[in-house]
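Colleague: What follows is a structure written as structure tokens; I'll ask about it next.
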Amino acid sequence: MVRRLLALSRPLYWLYEQRLLREVKRGPMPRHLGLILDGNRRYARALGLSPTKGHEFGVQKAYEVLEWCLEMGIKTVTVWVFSTDNFKRPPEEVETLMNLFLREAERMAEDHRILEHQVRVRFIGRREGFSPEVVRAIERLERRTEGHRGMFLNIALGYGGREEIVDAVKRLLLEAEARGLSPKEVAEGLTPEDIARHLYTAGLPDPDFIIRTSGEIRLSGFLLWQSAYSEFYFADVLWPEFRKIDFLRALRSYQARERRFGR
């Protein structure tokens, strides 16, 4: 009986997905979509699996969602993969994640989806704490795709929103010192635009829309500066379970909102 119901539900699911897809494609898309990929470990725990398996499922879902973004014509996507706080996790889990980052960076450099769709990949965050092998792999991927003019994909690795702002201020002060400016001169002339020009995402539009999975209703420091006027959507589903219908519903919610930008 259960199998029969499942068999009957699949065509209905597909029909609903196609109707939703047509509806959403008619509306405006975010220029820059932020994704907080949350829930891999809880998903694995619910299935009685190791955290490593949860992260493996999460990687495959990330590729799937990237394809959805390409289909919808979203030009810039930032995915938060690993925070500075994640270094505090058990050493064996961190080591597993490092191996996963190395493998996927090498894989993406040859991935036909990245190459065919001209996806430019850039990693944002601090690289201290990552092995030389991981750093070389992500730098190779960045070089391999730096001439691409399709989607711009930021992968936030070793990222923290507070750390990003601190790093931006440090760079700004060092540049000012090199130009012979005093701290007083820097303080008197400092503007929000000066800070923005030194962020990891400098030159890119701020995120219009940020989706977080797992039901957690917080940013946890993701793109703190850039998200001042972002719209948010908190999906009550773990990242590996995030379906295309969930993605389309999120975009539909974004399209229904009136963005005021503080006015």
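Keep in mind that glycine also has a Cβ here, set from the backbone N, Cα and C atoms.
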Colleague: Do you know which of His55, His198 Swiss-Prot groups with Gly39, Asn40, Arg41, Arg42, Ser83, Thr84, Asp85, Phe87, Arg89, Arg212, Arg218, Leu219, Ser220 in the substrate site?
Modeller: His55
Colleague: Give the distance between the Cα atoms of Glu231 (Mg(2+) binding site) and Arg212 (substrate binding site), rounded to the nearest whole Å.
Modeller: 11
Colleague: Please report how many Å separate the Cα atom of Phe87 (substrate binding site) from that of Asp38 (active site), as a whole number.
Modeller: 16
Colleague: Counting all other Cβ atoms within 10 Å across every protein chain shown, which of the recorded positions Asp38, Glu231 scores highest?
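Modeller: The residue with the most neighbouring Cβ atoms within 10 Å is Asp38.
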Colleague: Cα of Leu219 (substrate binding site) to Cα of Asp38 (active site): how many Å, rounded?
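Modeller: A Cα-Cα distance of 11 Å.
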